[in-house]
Amino acid sequence: MTVPHIPRGPVMADIAAFRLTEEEKQRLLDPAVGGIILFRRNFQNIEQLKTLTAEIKALRTPELIIAVDHEGGRVQRFIEGFTRLPAMSTLGEIWDKDGASAAETAAGQVGRVLATELSACGIDLSFTPVLDLDWGNCPVIGNRSFHRNPEAVARLALALQKGLTKGGMKSCGKHFPGHGFVEGDSHLVLPEDWRSLSELETADLAPFRIMSREGMAAVMPAHVVYPQVDTKPAGFSEIWLKQILRRDIGFKGVIFSDDLTMEGACGAGGIKERARISFEAGCDIVLVCNRPDLVDELREDFRIPDNPTLAQRWQYMANTLGSAAAQAVMQTADFQAAQAFVAGLASPQDTAGGVKVGEAF
């Protein structure tokens, strides 16, 4: 059977369960689609996951990019057979207790284990690290954040990024320009952050600026409004994405929208309008999660935006290690020692407050 050549489109979709249905195969063959995000509902065990990712990658060429939210703590989609990853705040606690060097070493090991284990199962990308500062205001961020100190966040994220690279994965910093100061959860409401741009510059924006300079591959903007900068949420804002992120900060990587089905995005209109505004604001790729009906609505008469960098940016997010090589790495004593070290950092407190961030069952 000939595998069809279909350039990757700018939409990332999802699926319902452990295997692809015929309807889902047809959806994923649509030229509008370029990637797929997996959730807990798609994971039964490691062998099933490998079968699923192989099935997805066999559909078309170039292969669909497969992503997951696999940060650690409350946001680790795959559990059985994977190393339990600590909440990122654990690395911040090491920073405070044992110093920057110890914390950076730990962050590098977490990134390496996280990426290698996912790579072994055919996953290209984890949407990590969280670059939000922990101001103590935002439960949906909370211990997903490394620290409140921008320098600590940037240095720990950079160390994690180096570990991800060893495991064959790129980084995706989120949620630009910072979700940690607001109280609301943008999955459920549209939060507002009333600080000025200068206040954001001295704190929340600093990790994004540093990580951009250090090769961060992708950014995901927040569904948060910053009224003193723009009346539109950051993910729908040309000011935030084209002027501040691209021009002022100089970010040259991929911009993924956050999920366009989140409540924080719904005020922009229907799914076609949300996608249009996202693309016009500067997003390269939009996520449409947990609503296959909206993916179908979006791809009906879909016109792929003029983005000459899209193919290159998609390919840049592809895994660079490969499943077989990652599985070989996992057999080494050095890697198994890293797994034991990382598992020792995790604790039941990491998931206090629930594991369902952004998840639908």
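Glycine residues also receive a Cβ, built from the backbone N, Cα and C atoms like all the rest.
As written in Swiss-Prot, here are the features:
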ACT_SITE  His187  active site, proton donor/acceptor
ACT_SITE  Asp258  active site, nucleophile
BINDING   Asp69, Arg77, Arg144, Lys174, His175  substrate binding site
SITE      Asp185  site 'Important for catalytic activity'
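Distance noted between the C-alpha atoms of Arg77 (substrate binding site) and Asp185 (site 'Important for catalytic activity') is 19 Å. Listed in sequence order, the recorded positions from Asp69, Arg144, His175, Asp185 having a Cα within 10 Å of the Cα of the residue listed as 'active site, nucleophile' are His175. Cβ packing within 10 Å was compared across the binding-site residues Arg77, Arg144, Lys174, His175, and the lowest neighbour count falls to Arg77. Asp185 (site 'Important for catalytic activity') and Asp69 (substrate binding site) are 17 Å apart (CA-CA, integer value).
Counted over every protein chain shown, other Cβ atoms within 10 Å are most numerous around Asp258 among the recorded positions Asp69, Asp258.
Around Asp185 (site 'Important for catalytic activity'), the same-chain residues at least 6 positions away in sequence with a Cβ under 8 Å from its Cβ are Cys138, Pro139, Val140, Pro191. In the three-state DSSP reading, Arg144 (substrate binding site) counts as helix.
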